[in-house]
């Protein structure tokens, strides 16, 4: 959850040449991050404000009367969808009906010394309501476990997506930055700093075949900040230089982390990398913040995207873009628009295909029904003709009638009846504007769908 403070004594010198070509790209590794945060190391530096907050943070009473049986009477537990060091996440559903939810089950014995992180989840996340932030609906507690009922986001996390794809097109990266900026702008207006923004804490919601939206989660390290904070915490790859300099920091550290994420999205590896995966060397590179866009990995990336990366990874937090400014950045707005238009097109194409298939099925049923009606009508016409012929034979015995004239009128009337019935049974479809289209396709082409 956190990593140790830098030692106050000078560290042994390491020849870190940040001005030369950067080290070969090293992809972000989830296991590396876990090993850093779980290693047996000195406790991180804690400021006075954090100490007071931790003392005030306490979980619900151990004498709580809620039992696991009580919870199971309300919720039906489903499959496991996540497993971490302190918690397991399962699908669940209320037994009285409703949509699928996520149930985060925390083993409280593993939270000794970290109780404040659970309190943050309950107090901060429970007070937030934004489409780009995972919702916490309610929570229940037994003597041994805490059960957090949350919004289900079933697309995995951004780390998994990066691991699968390596890197993202600019349009998709722009939409991701837009989503994260929306979430950050919302919490920053409430003076909340997340302090652990990374791909693992961004959950994926798929809205189209090649388009996903993100939701920010895991507020274990988040806090309300009204003055500079000095606690060193976060995840090494994404930590801002002002945290390492111990000069005090605020919400701008989240924007730095967003810059690191954007860098990873566009090329597949982080901007500051240690050759030997050495944390001390990594921190030195971050504090110096000399940014490189190595070839050939960045050759195809637009200058607008590179410019935004520079603005987000500005070493001076007072000059760094804010979340609101990032959200309004021309490149972000343009790329997000392109990606959403693609999602709209994909959705409309699916609707069009479904509508075309439905029209085709309905047309085949209608044709079958009318064919049956036509066959029945032919029998009626044949019977009528036999009756009329019988009447003609009877009339032939009357010399006062003009048989030639009557025969002519009769035939004309029969043809008119047949033509009318055929027109009624086999109605001609409307003319298609495109002669290459079949009637069903023509009808499908005229369907208009509303925007998403």
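In case you wondered, yes, glycine gets a Cβ from its N, Cα and C as well.
Note: TrEMBL annotation is automatic and uncurated.
Listed ranges 331-372, 373-414; the one TrEMBL annotates as region 'Disordered' is 373-414. Here the domain 'Protein kinase' (75-332) returns a mean pLDDT of 94 for the predicted model. DSSP classifies residue 104 (ATP binding site) as strand under the three-state reduction. For residue 104 (ATP binding site), the number of other Cβ atoms no farther than 10 Å from its own Cβ, over all displayed protein chains, is 22.
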